[in-house]
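Q: Sharing the feature lines straight out of Swiss-Prot:
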ACT_SITE  Asp453  active site, proton acceptor
BINDING   Leu301, Ala302, Ala303, Ala304, Ser305, Ile306, Gly307, Gln308, Val309, Lys323  ATP binding site
DOMAIN    295-583  domain 'Protein kinase'
REGION    152-173  region 'Disordered'
Amino acid sequence: MSSWSKSFTRLVNGVSLVAKEIYNQSPELQRARNGDLEGLITSSGKKALVAATDLVGLTSGKLRELSIRRSKEPSVVYFDEGDNKDNVVATPEVRSVNTKPSEKIVDSKVLRNEFSDEVKNSNREGEIKVSGVEAGEIIGVRAVESGTVTEASSPSEVVPPVKRRRPRERKVPSTPMARAYGFFNLGAALAWGAVKESTYRMVNGTPMTPDNQPALSSLMSKENAERLALGLCEMRGAALKVGQMLSIQDESLVPAPILNALEYVRQGADVMPRSQLNPVLDAELGSNWQSKLTSFDYEPLAAASIGQVHRAVTKDGLEVAMKIQYPGVANSIESDIENVRRLLNYTNLIPKGLFLDRAIKVAKEELAQECDYEIEAVSQKRFRDLLSDTPGFYVPLVVDETSSKKILTTELISGIPIDKVALLDQKTRDYVGRKMLELTLKELFVFRFMQTDPNWGNFLYNEATKTINLIDFGAARDYPKKFVDDYLRMVMACAEKDSEGVIEMSRRLGFLTGDESDVMLDAHVQAGFIVGLPFAEPGGYAFRTNNIASSISNLGATMLKHRLSPPPDEAYSLHRKLSGAFLACIKLGATVPCRDLLLQVYNKYQFDDEPQDPVVATSSVSS
């Protein structure tokens, strides 16, 4: 059997498993199994028809073309005393997208029409916009990336075009049956795409990549990768969250063409329409929720995996950001992630050494917490207290009156995402890079409580006040004292190039079993030394001229091949945040006194037990 037919067979098997999930989760189909055909017809006929036209992709692998028009409904509504949401004064509408796709079925070339090429000129840095709102105005929300902005060497330098998704307003599949159908359609679309790609290759031969390497399997062609990304953007919820996690992986884990396609999922989800938004507001805040506000903007500032953010003004005049959760996502975490796992397994996208099952387990736990906005509100208040005396950081106020388990309202604050700071002068970039690393070390080794989502939009820099505004604490978590003790010792061993110390602490932490081959141990130690480089020498470490990411990438394949066990659960979130801090410094091209910052923490740290420490040193850092 040829390789393409084997791949196709694997995906067909995966689609059948998803179809089984539809059956297991659908109460209507359970009625049919019990012989209640009349109940099946009356309760689910119309629902199934509507759901089938509101989901990701088609079984033919083609997309419905969306027609964009200007909505007749206003974007911003104002509430007077005693008014309800149907009695409002409207401002001119900003933008809206037709909530219903046209029935025209278009060729797969239309896949390209879901995206646009934008050219960002670096001398127009004040014009970065997110959903029609200037990025500098956004505070308390996760900004949707407006394209990669690189450092400008001159005012006339033009950044290469960046491929971006065109925003769409579409209902969130919110019932178990609708979400299961969505995954079924997505899997079928991938299968059809694989058939077309395989047919093309049988006739024309396997295409080659720009570096003269054979292209990916027909199952994971560029077009199929884009289908996967678009499907996840429409499903939202845990499905999109997993896609976003994959999008920030290294090329040693996920092939570059797939990463390029998954970049679309980082640009934001499809937008939830007003018809779904109002019922959530009614259910969470009461049918008179508008009495608590002066105005509410239905045009979202941002749309993410679990919810979307809207600007509003409270009765006391405070501008706020209201994060509103998509309906159904909290109850579909388990099934969503299992369906994504099936698709990933049957597309062979994830290498064996990644220990997908363990990663999925951790993802389920993290997502369950992120879907509870009451937990996030507590975490945000805790961070606000912890950082209240730390210069250079600000955590916005939580507004309890308009917050609930599925709605989080916080003070709206201004700033630009950290990656856009790359457009500013070197002194500012060095300052921001230093503050980012200072925060990361303090979170882990002082607070033992860390916000683990490294999304650059979660850190908004206010140049006027030289303050980094911190938002989105859904992924905040505590770390056990013993784990932090040993992790600090391991970091110091890496900085001191102490091979025995790295191996010993890695075994104590659970990164190694003690039965690894010499090849694996050597790769693990060398990777640790590379990560420890910024902390190895006094003075400033120039992240611009030292590419840590590419150096580790060269060792990634070896470690994946020879790894015997998954890392400890704490490592998934921790390393996501640590790598994010390093990548931010690389993006900024910052020079940071990393060793001094580490020693400042290390020399004040109180270990619960005192084995031989890798180093005893003094700090030369200035306050």
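Using the three backbone atoms N, Cα and C, a Cβ is placed for every residue, glycine included.
Given the structure is predicted, the values throughout are model-derived calculations rather than measurements.
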Q: State the three-class DSSP label for Leu301 (ATP binding site), counting H, G and I as helix, E and B as strand, and everything else as coil.
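A: For Leu301 (ATP binding site) - judged by DSSP and reduced to three states - the answer is coil.
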Q: Relative to the Cα of Asp453 (active site, proton acceptor), which of the binding-site residues Leu301, Ala303, Ser305, Val309 has the closest Cα?
A: Ser305
Q: At its widest, how many Å does the recorded ATP site span between Cα atoms of Leu301, Ala302, Ala303, Ala304, Ser305, Ile306, Gly307, Gln308, Val309, Lys323?
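A: Pairwise Cα check on Leu301, Ala302, Ala303, Ala304, Ser305, Ile306, Gly307, Gln308, Val309, Lys323 gives a maximum of 14 Å.
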Q: What's the most sparsely packed of the recorded positions Ala303, Ser305, Gly307, Val309, Asp453, counting other C-beta atoms within 10 A?
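A: Each of the recorded positions Ala303, Ser305, Gly307, Val309, Asp453 was scored; lowest Cβ tally within 10 Å is Asp453.
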Q: Need the DSSP three-state call for Asp453 (active site, proton acceptor) to compare against my parser.
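A: Asp453 (active site, proton acceptor) sits in coil per DSSP, no helix or strand.
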Q: Enter the number of other CB atoms within 10 angstroms of the CB of Leu301 (ATP binding site).
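A: Counting Cβ neighbours of Leu301 (ATP binding site) within 10 Å gives 26.
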